[in-house]
Amino acid sequence: MIGWEDIYKVVDAMMPLYVALILGYGSVKWWHMFKPEQCDTINKFNCFFILPFFNFQFIANINPYNLNYSFLTGDLIAKALVILTLALWANFYKKGSLSWSITTFSLSTLNNTLVVGVPLMKAMYGDLGVDLVVQAAVIQALLWLTSLLFALEFWKTKMNNNGDDVIDNSVELGSVSVLEGSTTAQMRNNNNNALSFWPLMKAVSIKLAKNPNSYACFLGLFWALLASRWKFEMPSIIEGSILIMSKAGSGVAMFSMGLFMALQGKIIACGAALTIYAMILRFVVGPATMALGCVALGLHGNVLRIAIVQSALPQAVTSFVYAQEYGLHADVLSTGVIVGTIISLPLLIAYYAVLDIMH
């Protein structure tokens with residue numbers, strides 16, 4: 001069972017994130033140190049320079065020959081269920097849209113596996129919990145963040161080549177319509193101006209080739225495969241050059257989020273309805289789909305419980321960085337990170353207790 005000392009360790013890992021957030025918020029709101037265009041530059045610097053080094057450094061230090069493939073397959077099934085549902089919604093439901101499908105995917109699948117997940121899983125399930133949550137982080141970086149990057153680039157390229165762009169602040173799922181807060185562009189079909197599929201894909205591929213986030217994770221995996229196989233270490237001069245950038249990842253991302261919050265005029269920029277929507281996706285839909293994926297594979301015991309609990313971790317900070325860079329529902333993602341991280345600890349403890357009782 002989790003003790004107060006374990007809870008303190010989790011809070012100890014989470015608190016520095018909010019220090020960076022408050023400093024970013026105050027630098028615009030109270031001290032007027034940055035202009036809006038400068039805030040965008042800071043996020044761009046984080047997106048294209050710090051994050052690639054962070055992802056490379058993290059993945060380069062794993063052992064890819066020692067993975068729990070059943071656990072990772074369960075994660076794959078869970079994400080596939082979400083993608084399939086969103087694809088059907090976007091293509092066959094009259095209120096469906098690509099932009100909200102991308103945001104919904106981010107909110108329901110991408111979580112903070114390292115900063116929050118590692119200390120929490122250590123407290124709950126020991127070394128096994130840490131090992132599995134790190135593996136989940138690897139797959140998230142390699143597959144799901146790369147997929148998100150592709151989807152965002154596809155959306156933005158198509159929108160920029162569509163002559164009928166409109167502002168749409170609503171999202172409808174089932175019979176529930178959310179009509180407040182989000183300030184982003186949503187495109188509608190325009191057969192005269194839209195690019196055909198293959199030229200569009202070519203344009204997207206060229207842009208992704210220029211984005212270091214597209215291949216940093218795979219370069220890290222390539223190094224990890226070689227280093228784990230032949231037992232050699234990265235030269236210290238190269239490792240130091242990578243670390244000096246990668247260590248700034250979470251701090252600069254939260255600082256940038258604070259800047260974004262200050263520019264919005266209110267802390268909860270997307271409104272109450274979208275905040276609730278984001279929390280349901282993060283803490284209900286995410287664990288539910290993970291449970292389905294793992295049960296379908298016959299997983300049980302601590303592996304099943306770890307899979308469910310780690311899927312309820314708070315929102316990934318990287319998802320906000322990408323959302324702000326591409327201009328897609330950054331207000332919703334920032335709220336998802338801020339509010340989700342605050343309320344995550346009691347919810348995760350509740351998940352842990354319920355799963356323990358069921359066992």
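Keep in mind that glycine also has a Cβ here, set from the backbone N, Cα and C atoms.
What TrEMBL records for this protein:
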TRANSMEM  15-33  transmembrane segment
TRANSMEM  45-64  transmembrane segment
TRANSMEM  76-93  transmembrane segment
TRANSMEM  100-120  transmembrane segment
TRANSMEM  132-152  transmembrane segment
TRANSMEM  252-278  transmembrane segment
TRANSMEM  290-313  transmembrane segment
TRANSMEM  333-354  transmembrane segment
**Q.** Interface check, the transmembrane segment (45-64) with the transmembrane segment (132-152), three or more C-beta pairs under 8 A
**A.** yes
Q) In the same chain, who gets a Cβ under 8 Å from the transmembrane segment (290-313) while lying at least 6 residues past its ends? A) 68, 70-71, 73-78, 80-81, 111-113, 116-117, 120-121, 124-125, 128-129, 132-133, 136, 282-283, 344, 347-348, 351-352, 355-356, 359
Q. Cβ under 8 Å to the transmembrane segment (15-33), counting only same-chain residues 6 or more beyond its ends: which ones?
A. 39, 115, 250-252, 254-259, 261-263, 317, 338, 341
